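Per Swiss-Prot, the features are as follows:
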type	residues	note
CARBOHYD	321	N-linked glycosylation site
REGION	293-312	region 'Disordered'
REGION	344-363	region 'Disordered'
TRANSMEM	15-35	transmembrane segment
TRANSMEM	48-68	transmembrane segment
TRANSMEM	95-115	transmembrane segment
TRANSMEM	129-149	transmembrane segment
TRANSMEM	175-195	transmembrane segment
TRANSMEM	210-230	transmembrane segment
TRANSMEM	237-257	transmembrane segment
């Protein structure tokens, strides 16, 4: 059979998108491991979860490519009439892709939550509990999705052969029931990241950069609602192809959100990007906050406090590699310096020649 996917624009869009994003997802995870080696950190649980997520990302896109190749430019109803066997094979790849997608969603979120735990969880009981609750919620959703998918059609054989007597649940209802709670977990993870970042002694622009970084999770959640809207399209073929397309984009964005925090010590251009973004977007806000802070400090502190450093910045946060959480003690600490990376300690001169050494080496 001739290659006729270009005859339909939606199928062609799906085909090209999956072909492009699949190798990009592999590169994203590969760069993550290069970054880990550069800072001499041992490969951790979160890194292997990212590998698992990448494998299921590839399998999901492969299933989508196989399904669209079997459809080969035809309408769904046309395929059912012309070749019921092709329709059956296409639906088998389709349902396999759904299970791969469920597994990818679980593994990538667990990887992000493991990163949260390494950085914030050990030093904060509340954060640790929230991380565990979100991990448990996503695991329960994964199990529920897998069970529910098996009952979408009764009997299940009708999913692959429309001539079999029975009934199938509406596709829109199925997508709504799956993507809505999935997106809510995405939003909850981003909100948790914002809450954990808030008490850190970072400048406003640094906090903004970290917030935007984890804000990719919002993009993942929003794509879930886009998929829900697409499902209710009047064209079954359009809905079928566009959901697969947006699923590929969604999974890639999740992988990027999972691995991007590791790139700061590997690709200086990433840090430069955040610096430029913060400079252009928040310059006026920083000036206002700086003037307000200066006026308050002049009233509260003596002349010896004017040279105090504001605390660790963006590079220090992303370069943190400790096995302990991010603890920023208020009182000076003169104990051993547990440096697990190659970044030199940041020394903050205090009044009366006291010094506080804080080491951050995140990847």
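Every residue gets a Cβ built from N, Cα and C, even glycine.
Two recorded stretches are said to be in contact when at least 3 C-beta pairs lie under 8 angstroms, sequence spacing 6 or more; the transmembrane segment (95-115) and the transmembrane segment (175-195) meet this definition. When Cβ-Cβ distances below 8 Å are used as the criterion, the transmembrane segment (129-149) is approached by residues 95, 98-99, 102-103, 105-106, 109-110, 113, 116-117, 120-121, 174, 177-178, 181-182, 185, 188-189, 192 of the same chain, each at least six residues removed from its ends. When Cβ-Cβ distances under 8 Å to the transmembrane segment (48-68) are tallied for each of 15-35, 210-230, 237-257, the top count falls to 15-35. Beyond the ends of the transmembrane segment (15-35), by six or more residues, the same chain brings 5, 43, 47, 50-51, 53-54, 57-58, 61-62, 64-65, 68-69, 244-245, 248-249, 251-252, 255-256, 258-259, 262-263, 265-267, 363 to within a C-beta distance below 8 angstroms of the stretch.
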